[in-house]
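Colleague: Mind having a look at this structure? Questions to follow.
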Amino acid sequence: MGYYAGTVALLAWLKLGGDLGLSTAMVKRISEGDNNAEYTSAGALLIGAFFVCISILIYLNRSPIDEYTGGNYNFAIPLLGLALSQSIIKAILNGHHRVHIAGVIYGIRIATRSLVQIILVFAGMGLTGMVFGYGFGFLMAILVGIIFAPLSISTPKTKHITNIFSYAKYSWLGEFENRTFKDVDIVVLAALVSPSLVGIYSITWSISQFLNIFNTAIRQVMFPEISRAQAHGAGDEVGTLVNRAITFSGLFMIPGVFGSVLLGEEILSIYGPEFAKGDLILTLLILASLIYGYQRQFLNALNGIDRPDISFKINLIFIVLNIFLNGALILVFGWTGAAVATILSALIGLFYSYTRIRSQIDFSLPIWEITLQLFASSFMGIALAIFRRAVQLSGVGAIFSLLILISTGVVLYFTTLYLISPLFNSTVRHNLPNLDSII
């Protein structure tokens, strides 16, 4: 399993080197609505060129790669090709405002990957089956994506390649920043604390990132819309889109913070009794992800209005701060210092990104809506604290008890928010037009 994790981690970094922000640049230029075929071709050609370069480097370093991945060197180049091809298809879909389809193919990739891996592992293929299943997931996503992606191509001119590259030369650092946000504390911890604490920290980090999925989805939806509005000179619409992005960015993360305070120990105990000691870390990391989520929405807006140069500076500051603070605070406070360092880095990045986006566009912060989310989360927390005692006294099993509490918390939070927030109410009704007949 360790070799599989190493293979996946290596692929993530190779993909970062093979893309270098080019897929994001494709989304930006295609979403502007002009010369779509040329920008599709230009982006695909540039990513293809980087793929060739990275493949040569993989071949030249095949021995250490083979050792690191447990004999999976032969898979590295095909997997990278599949991953980059899927990035191209996803960029085309997002650029043409078909984000919902891009989301579907992501689900297809995860589902088919898991299914094939389970089948092949049971068939006795072991590590090879895991890696093959990983690649098969990408292949299925590509095949389905091709059906829905507008694959019109045309010979790009120099200006199209230049426009793609001029954006990508700044946007690549955003992906690197996101990677460091996920990895740097674990890397530093691995060098300074016991492996058992690193394992617990990694689990808490995975849980916090699960809650961040909705935030990521909002960014993917908003980016092409902000880009299109900016390209057509619709400044007021850009401001409205940024307001909406911030409004719903913490929709799941805010109650997640409250829920982790109450149920963090029980959630982590599922992995084993020794994991329960990470309950404080879980709360801190969910809080860090909440703050970072707001920061990423501001950076997303800057990228959408064609100012990746500003995002580049903010990302660079965040990366340096995150590495420095993690090193310093882990030495002083141990693994708690890693979580605190992540929060501080995110706070500084949030403040700086907010001041820069305000200098570019006019928009209002949704203070009232965030306050309502905090109120609904507080009500949920108080009610759960009371209900939790009753559930514990009932004598039901730990897992069943946890499921009851989580389900109750979800219902309480969203019902309360639905009743007190006209915006959330109207948004739900707009997306679920038959809700009135249900309730």
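Keep in mind that glycine also has a Cβ here, set from the backbone N, Cα and C atoms.
Because TrEMBL annotations are produced automatically, they should be read as predictions rather than curated entries.
TrEMBL feature annotations, pasted as is:
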TRANSMEM  39-60  transmembrane segment
TRANSMEM  72-93  transmembrane segment
TRANSMEM  131-151  transmembrane segment
TRANSMEM  186-207  transmembrane segment
TRANSMEM  245-263  transmembrane segment
TRANSMEM  275-294  transmembrane segment
TRANSMEM  314-333  transmembrane segment
TRANSMEM  367-387  transmembrane segment
TRANSMEM  399-420  transmembrane segment
Colleague: Where else in the chain does the transmembrane segment (314-333) make close Cβ contacts, counting only residues six or more beyond its ends and a cut-off under 8 Å?
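Modeller: Residues 173-174, 176-177, 180-181, 184-185, 188-189, 192-193, 295, 299, 302, 340-342, 344-346, 348-349, 352-353, 356.
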Colleague: Answer yes if the transmembrane segment (186-207) and the transmembrane segment (275-294) have at least three CB pairs under 8 Å among residue pairs 6 or more apart in sequence, and no otherwise.
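Modeller: Yes, the transmembrane segment (186-207) and the transmembrane segment (275-294) are in contact.
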Colleague: Mind checking which residues of the chain, 6+ beyond the ends of the transmembrane segment (399-420), have their Cβ under 8 Å from one of its Cβ atoms?
Modeller: 255, 259, 262-263, 266-267, 270, 372-373, 375-377, 379-380, 383-384, 387-388, 391-392, 428
Colleague: Cβ under 8 Å, sequence separation of at least 6 from the ends of the transmembrane segment (39-60): give me the contacting residues as numbers and ranges.
Modeller: 14, 17-20, 22-23, 25-26, 29-30, 73, 76-77, 80-81, 84, 87-88, 91-92, 95, 151-156, 160-161, 163-165, 168
